[in-house]
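Features as listed in TrEMBL:
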TRANSMEM  B:20-44  transmembrane segment
TRANSMEM  B:50-71  transmembrane segment
TRANSMEM  B:78-95  transmembrane segment
TRANSMEM  B:101-123  transmembrane segment
TRANSMEM  B:130-147  transmembrane segment
TRANSMEM  B:167-189  transmembrane segment
TRANSMEM  B:219-239  transmembrane segment
TRANSMEM  B:259-289  transmembrane segment
TRANSMEM  B:301-320  transmembrane segment
């Protein structure tokens, strides 16, 4: 161990990794080399085997064949704990944190420093504070309970935990999926600090821009095979996408239909507000896709849940198809022809342990029980239209990939034939191909005269899909921009000029 | 740099749940004093305070143990039968006289601890939920007690009975022992790895496991400690009643009352959040209520009604607080 390593020697080398589950081979002899101080991007569509490979490195799966070498020594991990102790830490999308315990207690869980028989709380706090500062998170108080932290801060706690374990390799699974843009830049800086310490980062993301911003090397997986590994400088976005999907996508977004006419206003708000948003005025017409942009916490999700009656508006007026309507509960909203596709697919969108069919019928059955029979008959066709890949309609949705889960969510809502569809981060955590499918569904709905209001943190998505873009900041709508604007324009509006930041 | 991290509206330190428990206790005491005085009697007499503290002691033991078990994410419904068993075992051995005191105490606690071990192993090894595991074990013990013992059994020598009657500076010895146990339990929870791991397992067994915590250990230990404390409660009841009784635990309703006291003390029924200090507050609230209602000779049904109302209101209050965790950005009257 003590032998000096040549600079840039591989810390971790995986070769010939084969993994199958229940007779399906998901990795066919994949290899990967991580070098100290490099950020290594791992990309591929959903189902390409990225997560499986990551879990093998993390010790959560044991490969059927292939070898892992750490510093040239062959290793095998029977459990995640062994991998952690060997210096391979993993930051999953779902954090492994105790929300009711403090940052310090989380970082040192299982290894609490002791003085004699008792836990040395003061040292625990002090060490955690020093650790947070060393990775560039000065503002965090190590004694705060994790529940009070933002998603970005919780992620920092996970990273701090990994660093405290003397991790040589940190894998990150879609680390920016839940972050707003300004939080992403903080993550960038933290990753930079980590690489300066010689830590190798395995960075799994669907966001190509981040891959190019951060990574020095990129490995592409496709259908469980290793397509190749290239220095990032030799690739561009288009080329990378081609290698990922094996075809050139002419555009990331389906074209806007030519000369489509907008219909009557379907959803109108005037002076609407509740505890989280204020003075909201907007109109969405039939056939129109309106984008909602803004930083994390700007109030996009809150605006949607206000319209949908989950956090009902306490003031102002709402008109649906020209008629003034008060929505006080999601049930009323559904009856009035609204649908809300939430950002938290697993927590709020689906019943994970129920089958595809049960989920697809969930809303109809709850709100329009009389239409359940018809919806049940239409379900197979509707799911086929959405190109759902599942073993059958009786498969539990928890076993589907993120993209296919999202298709089930869409089917669930399309079953009630909504006139106004509210989408919150409709493509979060799903792969390029599935994203395109969601976009096509949106275009088709719009063409059928449905009004769509879409909140998204991904600016290219907002710009590529919307007919108009409303920008929110601090709970209010601060402006409207056309889809021809640049990302910088939207960001400038969302972040706000300094003079106005007094509120 | 720190513009992002920590740049949020000041994180208000809210009144902790434990603080609320004790505020409620103060309010209950004040209200009781007023009511008792209005009835022409006196609340703050040494005798009455001692009576309240005595009331606290038995439920206190059981509730401390229940706190540990609930924090670890389990539940113990077998406590009343452990209480009875300890009183029977203790009284059986002590029937031989003074020389039986120490063996009686040791045997009673050992049997209790064994029951706890069985509970813990059933929960962790057989993966039976604590509710069902301890319900089953409780029924088994109850069946054994019912078939083997009719009426009282054995007796406690006078030396042992003094424990039940001794006051130190106006505080009953049994209450002092109970508070000492509470202190030890709190110390264990906050200052040992075991305690930290107990919170961790109760908060999320998966997170604890992935952090290298041996997740079964805290659960088993919590069950063993809970049953042992229930055994102590049984012994103190023996010291007070002087004979072992196979039904003394179930008569006290210690299973549900202890769970109610724990929840009233702000511990989350699902585990991972809570404190022994809060539980003692919850126990004290019940003791004061019981005391004032017997002093005022309130009809026993009304007594239960009031106890029930207090539990429901308190837990509703905690639930409401947890929903209101996120402060609104705009107040209702805010506009344009």
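Note: Cβ is positioned from N, Cα and C throughout, glycine not excepted.
In TrEMBL, annotation is done automatically, which means it is predicted and not curated.
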Would you say the transmembrane segment (B:101-123) and the transmembrane segment (B:50-71) are in contact under the rule of three or more C-beta pairs closer than 8 Å, pairs 6 or more apart in sequence? no
Candidate ranges B:78-95, B:130-147, B:219-239 - greatest C-beta contact count to the transmembrane segment (B:167-189) (under 8 angstroms): B:219-239
Among B:20-44, B:219-239, B:301-320, stretch most in contact with the transmembrane segment (B:101-123) (C-beta, under 8 angstroms): B:219-239
Answer key: the stretch among B:78-95, B:130-147, B:259-289 with most Cβ pairs under 8 A to the transmembrane segment (B:219-239) is B:78-95
